[in-house]
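Structure first, commentary second.
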Amino acid sequence: MSFTIAFIGGGNMASSIIGGLVASGIDAGRVWASDPFPESLERLRAVAPVNTTSDNAEAVANADVVVMAVKPQIMKSVAESLASAVQAKKPLVISIAAGIEAETLSNWLGGNLALVRCMPNTPALVRTGASGLYANAQVSDEQCAQAQTILEAVGSVSWFDNEAALDAVTAVSGSGPAYFFLVMEAMQAAGEQLGLSAEDAKALTLQTALGAATMAINSDVEPDELRRRVTSPKGTTEKAIAALEAGGLRDIFAKAMIACRDRSIELSRELGD
Ligand SMILES: NC(=O)C1=CN([C@@H]2O[C@H](COP(=O)(O)OP(=O)(O)OC[C@H]3O[C@@H](n4cnc5c(N)ncnc54)[C@H](O)[C@@H]3O)[C@@H](O)[C@H]2O)C=CC1
Ligand SMILES: O=C(O)[C@@H]1CCC=N1
């Protein structure tokens, strides 16, 4: 990576991306992170020896690419206070905030900026993230390549021409890790109810999740066919799947993900000008 990148906000998502970037071989000296809380910066330095500061403008002054990684609810005040530093430097801005539209953020930062709106996810930390990206009209080919380099170092990258698609990306992959973690929690608890130790139930659940995802990613056939191959007629899996279908699993997922997508849209309305 021949450019310098600054993260404004050094919380969970920033530290996942930073951890993945440094694990991919990117020089930590080219990464800056800014956060007002010393404990956040300490946690980040434990992940990777990046440059840290509590002064957002200092981080911007050092950067070719600025990643806005604060909570959506404080994005406006953070962006407005950074507008003069950003306008002086004109970096590529990448926003990872849920529900903040590219034009809204660009205006808060003083306007006329190259801005990529990105929805990453926390598995970036272990370089198996999934990011959806949208570029505004000011983003050059070289800047697209910079955004691609950063997010590709920590997982897969999908570009969208239509910014509204990022609300759906949020429902699928941005929030998605939480759904799988919940399934893991539920399977571990049920395994314990069946008499396994917590340790065995956890180890078997997590290895099964890893195995199933690895098979689905590497397979030429669709997940429904992989599921059928586990499900012997009149066997054990059939009973489990029937219980999950009778409980409305598909409908529950559809409802959950619609609620997630709608919250992303609602955030844009609530927080936009
Ligand atoms: N956590 C996740 O799985 C994902 C989060 N996101 C987005 O990433 C953004 C950050 O989310 P998280 O990392 O989960 O939140 P977080 O709360 O862990 O991190 C936010 C960080 O911003 C810092 N901060 C607060 N005021 C600040 C200021 N004035 N200047 C600079 N930093 C400041 C906080 O100290 C904190 O460390 C959000 O906009 C969220 O929508 C996007 C995809 C996934
Ligand atoms: O829950 C949230 O709002 C953030 C955005 C996607 C994942 N976490």
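Just so it is clear, glycine is given a Cβ too, placed from its N, Cα and C backbone atoms.
Now, the feature entries from TrEMBL:
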- 4-99: domain 'Pyrroline-5-carboxylate reductase catalytic N-terminal' (DOMAIN)
- Ile8, Gly9, Gly10, Gly11, Asn12, Met13, Ala69, Val70, Lys71, Pro72: NADP(+) binding site (BINDING)
- Asn56: NADPH binding site (BINDING)
- 163-267: domain 'Pyrroline-5-carboxylate reductase dimerisation' (DOMAIN)
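This view paints the features noted in TrEMBL onto the structure.
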{"residue": "Ile8", "record": "NADP(+) binding site", "Cβ contacts under 8 Å, 6 or more apart": "Ser34, Asn56, Ala59, Val60, Val66, Val67, Met68, Ala69, Val70, Val78, Leu82"}
{"residue": "Gly10", "record": "NADP(+) binding site", "Cβ contacts under 8 Å, 6 or more apart": "Ile18, Ala33, Ser34, Asp35, Ser40, Leu41, Arg43, Leu44, Thr52, Ala69"}
{"residue": "Asn12", "record": "NADP(+) binding site", "Cβ contacts under 8 Å, 6 or more apart": "Thr122"}
{"residue": "Lys71", "record": "NADP(+) binding site", "Cβ contacts under 8 Å, 6 or more apart": "Gly9, Gly11, Ala97"}
### Query
Just how many other Cβ atoms lie inside 10 Å of the Cβ on Ala69 (NADP(+) binding site)?
28
### Message
Please check the binding-site residues Ile8, Gly10, Asn12, Asn56, Ala69, Lys71 against ligand 2 and give me the ones with CB under 6 A, sequence order.
### Response
none
### Summary
Mapped onto three states, the DSSP assignment of Asn12 (NADP(+) binding site) reads helix
